[in-house]
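These notes concern the structure reproduced below.
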């Protein structure tokens with residue numbers, strides 16, 4: 001085991017998986033190279049690149065920055081720019097997509113408001129094939145804008161698939177609740193098919209006395225809507241959207257798991273998406289990409305990063321509860337450094353799943369095993385293998401030269417944050433920034449905000465390209481300039497050698513939704 005671990009640790013700088021830098025296949029893949037691709041590799045469709053342009057963009061020496069040719073291809077005059085890595089993988093493993101989603105109630109679906117109409121439905125499951133909208137005699141649905149970024153590792157397969165299909169899973173999940181969301185004055189029913197009460201959302205539940213008396217609206221009352229128990233939780237509409245996004249991420253991950261036996265879907269990916277629905281932004285993140293809002297020069301974080309360090313306690317607790325997942329090769333405990341055999345019987349600082357601080361424990365044989373989480377900062381890895389703990393894919397990922405699967409420690413669940421556009425009057429320089437970790441590895445939130453607040457005021461407010469140029473400026477600042485000692489940014493710091501993808505989304509368009 002020690003030899004295997006040394007080999008894995010030696011590959012820390014080679015990529016997110018030990019021994020897989022630049023590879024199109026994850027460890028232990030099910031013969032993926034002999035299977036057809038689920039979707040062909042390419043760059044985001046909204047860039048409008050020809051095949052020749054795609055090939056030219058994959059220049060690891062020049063690293064040309066790609067931007068939108070036509071701003072009308074993205075809603076809200078959104079800006080976008082990207083650049084390929086400096087050679088760590090053959091392809092740019094980032095993927096992006098942006099669409100306007102139309103959500104209609106499924107035909108024949110149970111609804112909370114009988115006799116309401118819904119007009120379009122999917123003619124197939126969300127597998128990206130045969131997707132069309134069919135007219136019927138039911139009500140109008142709702143439209144929402146969708147932006148997404150996927151940062152692939154150990155190949156671009158999972159990122160490409162997620163960029164094509166996740167939006168369909170989101171639409172599918174929203175279809176069951178679209179009529180409920182449109183009726184914001186009434187709290188969601190506990191069971192679909194119940195007629196909602198015509199009362200404000202803040203006065204749904206009965207008092208205990210009314211419930212016991214059997215009065216109007218009480219259990220057993222002959223003239224009122226379904227029973228409302230006084231202990232029933234009040235679920236706001238926003239929680240339904242959050243649940244839909246969480247379910248969509250889970251279904252996307254399950255689809256990748258199912259289809260990897262039929263298609264070559266390499267590696268895994270992080271996922272950062274935004275939907276604008278009924279005047280609110282919902283930002284869902286699984287991985288280490290990041291979203292921030294810059295409003296009047298103020299920075300508003302809209303995501304958290306999920307890494308071995310930030311999720312240490314969750315990972316340790318899982319390993320503590322299910323020690324077989326460690327394969328008798330790892331310890332779930334954390335120590336300041338590797339424990340040496342000569343330290344048996346001595347007391348050393350350690351940290352367990354229930355601790356944020358440190359304590360001393362007597363070193364035992366079990367503590368000599370390799371730690372579940374090893375390394376610091378960007379070099380921290382789960383089982384010396386992967387540096388992100390949430391995302392999609394990675395179903396075949398194993399510890400280097402072993403049969404220990406890492407997927408049980410990885411989660412597809414996103415964190416979802418909400419921003420209410422209607423609460424603010426946004427200016428033309430107020431923006432939402434979405435970017436993969438290639439940007440954030442070298443630029444802080446403050447540096448990005450400073451760059452935006454310096455750049456946008458110097459652009460014509462009526463120039464539709466201003467946000468694309470701002471995205472290009474951010475990518476250029478993070479990539480830097482190629483010098484004798486590699487890519488360098490300001491103050492001669494090392495530039496980002498990773499793939500970089502950036503959206504700059506102007507929030508002024510949200511004013512129209514208020």
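A Cβ is built for glycine as well, from the same backbone N, Cα and C atoms used for every other residue.
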Feature phosphoserine, as given in Swiss-Prot - residue among 211, 411, 501: 211
Among 199, 224, residue with annotation phosphothreonine (source: Swiss-Prot): 224
Range among 55-81, 82-108, 109-135 that Swiss-Prot annotates as region 'Disordered': 109-135
Where Swiss-Prot places phosphoserine when the choices are 33, 412, 422, 490: 422
Cβ neighbour count within 10 Å of residue 422 (phosphoserine): 12
